[in-house]
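A.B. asks: Here it is, the structure in full.
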Amino acid sequence: MKLQEVLSLPVLAGTRIVAGQSGLDRDVRWVHISDLPDMLPWVQAGQLVLTAGYAWPQNEDRQRELVHALATHGLSAIGLAVPHFFDHFSAAVREEANRVHLPLLEIPWNVPFSQITEETHRAILAEQYRVIERSEAIHRALTRSALEAGSLQELALTLSKLIQRTIIFVDEGGKVLATAANVPGENMVEDSIERSGRVLDFFAYLEQQGYLQTLRTRSEPLQLAAFPDLDFVECILCPIRLQEELIGLVCVFEGDRELNELDVRAAEHAAIVAALYIAHQRELTSIEARFGYTFLDSLLEGRFDSHPYALERARLLGFDPEGSYRVGLLIIDEPLPLSREGFLRRERLIEKLRQRLRFLNVLPLVSATLNQCPFLLPEKCAGERVWSALKEDGVSLAFGLPYVGVAGVQRSYREVQSVISSIPANSLYYYETLLLPRVLVGDQAAQHTFVEALLGRLKQQRNGHVLVETVLQWALAGFRTAVVAEQLGIHPKTLQYRLTKASEQGGIDLNDPNVRFRLQLSAHLLSLQDHLRPSS
C-alpha cells in the first residue's frame with residue numbers, strides 16, 4: 001500500500017507532512033512503534049515508524065545521523081506525535097530528510113498509535129486480499145482463454161485487457177510470439193513490435209547488463225527500470241520455463257499507472273499458462289512427427305496453410321515466416337528400400353545434423369524421406385559449417401537458393417531436387433554452382449532462375465523495368481556508354497545515372513567482370529526469347 005494512500009485514512013486526517021514529500025510513493029508494508037534509544041536493530045524496510053519522541057536525540061547532529069540511518073534501512077516514513085516531548089521536527093532533521101527523500105509526519109498527540117496501527121493494518125490486509133482475489137480471477141481468465149482460443153495471441157489480448165497494460169510474449173531469442181497494446185499512450189512499445197530490430201536491441205541490452213543470464217537461472221519475475229535510450233518504459237519480465245529450460249518471456253510494460261504487485265502476479269500466471277500451451281504444442285508436433293505429418297514436410301510439399309494459428313506454431317518450432325532460408329538436402333548413398341543398417345545410418349546422420357544446427361544456434365527443422373534428409377538453414381549461416389560435421393563416404397549435401405517466406409522455402413526445395421542427379425558423391429554443392437552449366441545446355445528453368453537471381457531484385461524497384469532495359473542494352477553494346485546512350489536516345493549523364501541507380505537498387509557491382517559476363521549472358525538469353533532486341 002502506498003504511503004499516500006495510508007495518509008488518506010481518516011485516522012491520519014490531521015497529520016502534517018513536513019519533509020520528504022518526494023517519497024510519498026513509497027510502499028508501506030507495516031506500522032511499527034518504537035521509542036527505544038537505539039531503534040535501528042528493530043526497524044525494517046517498508047515500515048512506517050511511529051514515535052512519541054521520548055528517546056529521540058536532543059542533539060541536532062545525532063538527529064541528522066539517525067534520520068540518515070533510518071533512510072538507509074529503507075523506512076517508508078517516520079511519524080512523530082506532537083506536541084509533547086517535541087513540538088516539531090527540528091529544521092536540521094527536516095533538511096536531512098529532504099536530502100534522503102524520507103517523509104516526516106507530525107501526528108497530533110491525541111491520536112492513539114493503536115488506532116493508527118489498527119486502521120493501517122486493516123487497510124493493508126484488505127489491499128493484499130484484493131490483490132490475491134484479483135490475481136485468482138486473472139489466472140482463471142487466462143486459463144479459460146488458453147483453453148477456448150488456443151493461441152498465445154489470444155492469451156496476450158486477454159492479459160492486456162485484464163490489467164490494462166501492453167503485453168509482449170517473446171521466445172528465448174527475442175522473437176515476438178504475440179503482442180497486445182491496450183493503452184494508447186504506449187506507442188513506443190507498439191512501434192518496437194513492428195520494428196523487430198528494436199526488440200533485438202532490447203534483448204542485446206538485457207544480455208549486456210546480465211539480466212538474461214539472471215532470468216535463465218530463476219523462475220521469479222524481474223522488474224526493470226525504464227531504458228530511455230531504447231525508448232522502452234519500465235517493465236516486468238517473467239520467465240516462461242519448461243522444467244529447467246527457459247523458452248521465453250512474458251513482458252509487461254508500464255503505462256499511465258506504475259507497475260504493482262498485481263501486475264507481477266498476472267505475469268506469473270501468464271507465464272505458467274504460456275508454458276503449458278507451448279508444452280502442448282510441442283507434444284502435438286512430436287505426435288505429428290511420429291506419424292510423418294511434420295511441419296517441415298507440409299511446408300516443403302505445399303500443404304502448409306498460412307493462417308495465424310499455423311504461423312504461430314511455425315514460430316514456436318523455430319521457423320520465421322519473414323526470414324530467408326535455404327533448403328538443404330542431405331543425400332545418403334544407400335540402396336532403396338533402406339535396410340536396417342541403412343535406416344540406422346540415416347538416423348545417426350539426422351542426429352548429427354540436429355546437434356550441428358543447435359551448435360550453430362539454429363533450431364533444427366529436419367525431416368527424412370527414404371535416403372534423403374531435407375532441412376532448413378537460415379541464409380546468414382554458411383552451409384560449409386554444416387557440411388564440416390557431416391561429410392563422410394557416401395554422403396552428399398546440396399542447397400537451393402535462399403528465399404523469404406513459405407513460398408520461398410518451397411521454391412528452394414524444388415531447386416535442390418532438380419539438381420540431385422548432377423551432384424557428385426561425397427560433395428557439397430549449391431544450386432547456384434550448378435546453375436551455369438544447366439543454363440548453357442538449354443535448361444529453360446535454369447535460364448529463368450539465372451536471370452531472376454541477377455535482375456529479380458532490380459525488377460521489383462520503382463521504374464525497375466527501365467533500369468533493367470538499360471543495363472541489358474549496355475551489356476549487349478559491349479558496355480560502351482556512348483553507343484548505348486545514342487541507341488536509347490538519352491544523354492550520357494542520364495545513362496550514367498541509371499547505371500548507378502541500377503547498381504545500388506539491384507545490389508550488383510557493374511564493375512565486376514563476373515557480373516558483366518552474367519549480364520551479357522542474360523541479355524542474350526532474353527534476346528533469344530524475343531524479350532529484348534539485340535543491338536546491331
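For all residues, glycine too, the Cβ spot is worked out from N, Cα and C.
So TrEMBL lists the following for this protein:
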DOMAIN    5-124  domain 'Purine catabolism PurC-like'
DOMAIN    306-420  domain 'CdaR GGDEF-like'
DOMAIN    467-523  domain 'PucR C-terminal helix-turn-helix'
A.B. asks: Counting each residue once, how many in the domain 'CdaR GGDEF-like' (306-420) are helix, strand and coil under DSSP?
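C.D. replies: So the counts come to 53 helix, 25 strand, 37 coil.
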A.B. asks: Given the model, what does the mean pLDDT over the domain 'PucR C-terminal helix-turn-helix' (467-523) come out as?
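C.D. replies: Averaging the confidence scores along the domain 'PucR C-terminal helix-turn-helix' (467-523) gives 80.
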A.B. asks: DSSP-wise, what's the residue breakdown of the domain 'Purine catabolism PurC-like' (5-124) into helix, strand and coil?
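C.D. replies: Counts, helix then strand then coil: 47 helix, 25 strand, 48 coil.
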A.B. asks: Please work out the helix, strand and coil residue numbers for the domain 'PucR C-terminal helix-turn-helix' (467-523) from the DSSP assignment.
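C.D. replies: Across the domain 'PucR C-terminal helix-turn-helix' (467-523), DSSP assigns the residues as follows: 44 helix, 0 strand, 13 coil.
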